[in-house]
Amino acid sequence: IPSVSNIVPESCLLIVVGLLVGGLIKGVGEKPPILKSNIFFLFLLPPIILDAGYFLPLRQFTENLGTILIFAVVGTLWNAFFLGGLMYAVCQLGGPGLNHIGLLANLLFGSIISAVDPVAVLAVFEEIHINELLHILVFGESLLNDAVTVVLYHLFEEFANFEQVTIIDIILGFLSFFVVSLGGVFVGVIYGVIAAFTSRFTSHIRVIEPLFVFLYSYMAYLSAELFHLSGIMALIASGVVMRPYVEANISHKSHTTIKYFLKMWSSVSETLIFIFLGVSTVAGNHYWNWTFVISTLLFCLIARVLGVLVLTWFINKFRIVKLTPKDQFIIAYGGLRGAIAFSLCYLLDYKHFGMRDMFLTAIITVIFFTVFVQGMTIRPLVDLLAVKKKQETKRSINEEIHTQFLDHLLTGIEDICGHYGHHHWKDKLNRFNKKYVKKCLIAGERSKEPQLIAFYHKMEMKQAIELVESGGIGKIPSAVSTVSIQNINPKTLPVARILPALSKDKEEEIRKILRNNLQKTRQRLRSYNRHTLVADPYEEAWNQMLLRRQKARQLEQKMNNYLTVPAHKLDSPTMSRARIGSDPLAYEPKADSENLPIITIDPASPQSPESVDLMNEEPKGCGGLPPSPEEDEEGLVMRVKEPSSPGTDDVFTPGTGDSPSNQRMLRCLSDPGPRPEPEEGEPFIPKGQ
């Protein structure tokens, strides 16, 4: 019934089914089954966590790891102690029914109820298709807060048995957090590496390849739980570590089997957990205390909201992509509680915790409120606030390449700045992985070639095989290389299409060269320091050569422009000045050019064209001969300016040659502004001036 499941989340419907089944069993006089903690922790929880860990979006997870850890560790500790302290105050003020509950019991209750549940978060967030950032923040927090919950749970359970708790016990309890979390990760990594190494040798027994993934993952979980380490973190670590190497070694069918079997297994476990929650609610012993239950629910919500607001204010100081108020609301609202809290509470011993039934009642109330009220209203709230949704389409190869390019670029920028950020360490890890780990854990040539090229080879082989099977060898698509087709079916081609065949060794050598040089980047990273810069001896000579080339190119461009000017048109004064300024000695008019003007330069000052006056400019009759004094009126004569007498102003005192026409000419040379063109046949400067 899609119309119902669009409004009510699947988890709510399953709890309702459980309540109906439990009521039916009780109605016929039988005792309904209760969700026992051993069954939950050993059989129902591992498939869900393995599915989440194996298909974890690693890029988003690692990029937001700092934020996730702050929410998971600091946020959970805040929730546990804030809730436990306030509940202890409520118990002291709440009357005779609650007075006997001590501080340690309340702190234990706070640690159980404070953790966000991964099963409930997955069930709700998968349906509303929230964007990747918010999904990974809430889901990552629910996965990683397991270590905090386990430590606090066992710590307060042990402290309840002590007569007196000392400072040393508290310090050891604090250190046990690191042992539990890092120990769980270490166990998971060990089993992940073993699974990857085993998959290297399964090429002849493809049928049992999926079994190793499930077997080693479950072994990691059991080994961690055996030593009271975090089993959830062990499962996540083993899934994350083994996946890239296992998928490179196993066949495509095995990969499909692992994917769908994990999805089916986790879906079945999720269904059973929520149904059992409903049944256990009907079957269990309950002790209802209005004050305790309502206070628990209220303080849970207050602690979550306050924790998210304060932590986000702190986190946003260090984040580039800030968490907006909408994001903060969704993170606070998405803190759902689930079956882990119920099972942990069910594990409590009646001897030390006589109030277990009241704790269970309060926990079930909180679970029902978060799953039903928050789970049902989060979808319309996401639509109402217009929170960004997840992109349903897969990224194109173009986007993948640009993402890799930006990663390399940011690594290079960090390298130049001498700042060792997460891109630098990620690059270091990738190099170590490529150089050493892949060679040990991935079989054959697949350990060496980049993923994009490996994918291309796979596509190429697939297309070639389809081509051969269909018999259309004549129509070769552009994506398939002739070499690959010759390897599959060495059929003689028409004479016009025959290409020189490459031997296997030659082809392998070419591929090796390409592989080694395609992604070669600088191996050693140096930090930038202006004091240790070494001067390059060739740098100055190189700069000089570049300048010379640039000048030669500009001169050539100018000469080309001059040559394209029609012969009968006169040069403008600006053009004449540019020619003289570029190289006055090199410029000589051609002997056969009858109509070009001839510029005569005083040899005493060849390099200072600014110190001459232009007297007249008209085409000469003689081509290239020095002008005679009689031809002064016809030719273009340049004379050195006479030095001004002392005490006179060069600018404002008119000289002997400072006639209005000469001043106009000089102004044109220095600042050629817009002026009317001379009429046809009229000389540029009138004669006799």
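Glycine is treated like the rest: Cβ placed from N, Cα and C.
Residues 504-531 are the range that TrEMBL records as coiled coil, among 392-419, 504-531, 588-615. Between the transmembrane segment (359-382) and the transmembrane segment (68-91), fewer than three CB pairs separated by 6 or more residues in sequence fall under 8 Å, so the two stretches do not touch.
Tertiary proximity for the transmembrane segment (6-25) is limited to same-chain residues at least six positions away from its ends with a CB under 8 Å from its CB atoms, namely 31-32, 120, 123-124, 127, 270-271, 274-283, 368, 371-372, 375-376.
When each of the listed stretches 103-124, 136-156, 262-284, 290-316 is scored by C-beta pairs under 8 angstroms to the transmembrane segment (168-198), 136-156 comes out highest. Only pairs six or more apart in sequence are counted, and the transmembrane segment (262-284) with the transmembrane segment (103-124) gives three or more Cβ pairs under 8 Å, enough to call it a contact. The stretch with the most CB contacts under 8 Å to the transmembrane segment (37-56), chosen from 103-124, 218-241, 290-316, is 218-241. Counted as Cβ pairs under 8 Å, contacts with the transmembrane segment (136-156) are highest for 103-124 among 103-124, 218-241, 290-316. The list of residues near the transmembrane segment (290-316) in space but at least 6 beyond its ends in sequence, with Cβ under 8 angstroms from a Cβ of it, reads 66-67, 70-71, 74-75, 78-79, 82-83, 86-87, 90-91, 94-95, 98, 113-114, 322-323, 327-328, 331-332, 335, 337, 358, 361-362, 365-366, 369.
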